[in-house]
Amino acid sequence: MFDNLSDKLDKAMHVLKGHGQITEVNVAETLKEVRRALLDADVNFKTAKEFTNTVKEKALGQNVLTTLQPGQLMVKLVKDELTQLMGGDTAGIDLSGSPSVILMSGLQGSGKTTFSGKLANYLKTKKTKKPLLVACDVYRPAAINQLHVVGEQIKVEVYSEEGNKNPVEIAQNAIAHAKQNGHNAVIIDTAGRLAIDETMMTEIADIHKAITPNETLFVVDAMTGQDAVNTAKTFNERLDFDGVVLTKLDGDTRGGAAISIKSVVNKPIKFIGTGEKMDAIDVFHPARMADRILGMGDVVSLVERAQEQFDEEESRKLQKKIAKNQFGFDDFIKQIQQVKKMGSMKDLVGMIPGAGKALKGVDIDDDAFKGIEAIIHSMTPEERSTPSVINGSRKKRIAKGSGTSVQEVNQLLKQFNQMSKMMKMMQGGGGRKMMQMMNKMR
Ligand SMILES: Nc1nc2c(ncn2[C@@H]2O[C@H](COP(=O)(O)OP(=O)(O)O)[C@@H](O)[C@H]2O)c(=O)[nH]1
Ligand SMILES: [Mg+2]
């Protein structure tokens, strides 16, 4: 996500490295590069200009005696300003109302149907809501079908009316149906066109007027950059929507839409979509996104995801085993399964400070664990619980059984030993050593 922009901003900051203090000249030079990086990322021209002007004022206004190095100071100022630009605080979604009604709007292909499913899944699992999905894209039978497939996948009821071509009626009937059947959240998926057109705008405006939703979300493909911002403007003039959903941020996006949309439309980004699967949804946090853009990683999100999947009971058992030196491959594989539950590897790696940059271009696929799992499955119970018994002939047997090589088995044993050592260390020295290691990575 935003690799190019991160790279260029990083280079821009390097201009200040080695300088003892902030001066008109070195600030101007750095900010020229920052502005160029923003424009290359497809950030709106006016936004980029205002951005660098603000940072410049703040940089020159700083007390020279600050403890921060000029480079660090600039990173901080750029980070704070990026955060502000993207909306400052995290914007929540309004779930009041019984039921709370959420209307999707946006062009065809922007990801409305996919996001409707993701949001229903999110509300169901995270907010313990009972959502109802509503198919108001009445023009293409395939679209209604698509929503039903999504609904089945996440076990959420889908409301649709065969033969009814009036989306306003369908939406109203769906809300009545929700009230009767105890659904407390109604998500309305609508039709889009390939480009802004009057019929579509009238239709969505009519639905909006008829049902007065709690939330009207504008869904937009982040990969379309400036176009995304312009479309947002048009939709906002008609609908006065409440928030933006930026989809497809997993693609190699330049980042312009994420950075400029708030300042141009003055509506917050509320959610982001980072993949086609139903769990590829994240609440948008401006500060964390700024961190990611600056290659500082998003440790907070990483920790949150870990906590969501965290099983306290399991963890206590594990601690005991580590303390007693009984940590074996069965535990290892459990750990791998926990990590896998947290999301795609690429996503996770992107959240580690510095790792995004270090691993750029390296293909991280989600099958990375497959070989490891195969090897572990080829071990006997004894070998799993007491890896030290694995000698040369056993290695050969394991390699053969798992369709890998002895080198790969060796590699895994080595990793396993390192991991065991690290776990021991964390038990003894507490989190401090871990933090030191992480800081070295930055
Ligand atoms: N990579 C990726 N693809 C997405 C995302 N959201 C939607 N898509 C894909 O974009 C295409 C259009 O999505 P769809 O929900 O049908 O758009 P709609 O026409 O607005 O309803 C589909 O192929 C989706 O799988 C996302 O966050 N990341
Ligand atoms: Mg659709």
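Every residue gets a Cβ built from N, Cα and C, even glycine.
The feature GTP binding site is assigned by TrEMBL to 106-113, 189-193, 247-250. Secondary structure at Thr190 (GTP binding site), as computed by DSSP, is strand.
Among the features that TrEMBL reports, domain 'SRP54-type proteins GTP-binding' is placed at 268-281. With a threshold of 8 Å between CB atoms, the same-chain residues lying at least 6 positions outside the domain 'SRP54-type proteins GTP-binding' (268-281) that come near it are 1, 86-87, 91-93, 111, 114-115, 117-119, 121-122, 150, 153-154, 217, 222, 242-250, 258, 261-262, 343-344, 347.
Among the binding-site residues listed (Gly109, Lys112, Thr190, Arg193), Gly109, Lys112 have a CB atom closer than 6 Å to some atom of ligand 1, in sequence order.
Take the CB of Thr190 (GTP binding site) and look out to 10 A: across all protein chains shown you find 25 other CB atoms.
Close to ligand 2, meaning a Cβ under 6 Å from one of its atoms, are these of the binding-site residues Lys112, Arg193, Leu249: Lys112. Every protein chain shown contributes to the tally, and the Cβ of Gly109 (GTP binding site) ends up with 14 other Cβ atoms within 10 Å. Across the domain 'SRP54-type proteins GTP-binding' (268-281), mean pLDDT in this model comes to 94.
In terms of DSSP secondary structure, the domain 'SRP54-type proteins GTP-binding' (268-281) contains 0 helix, 6 strand, 8 coil.
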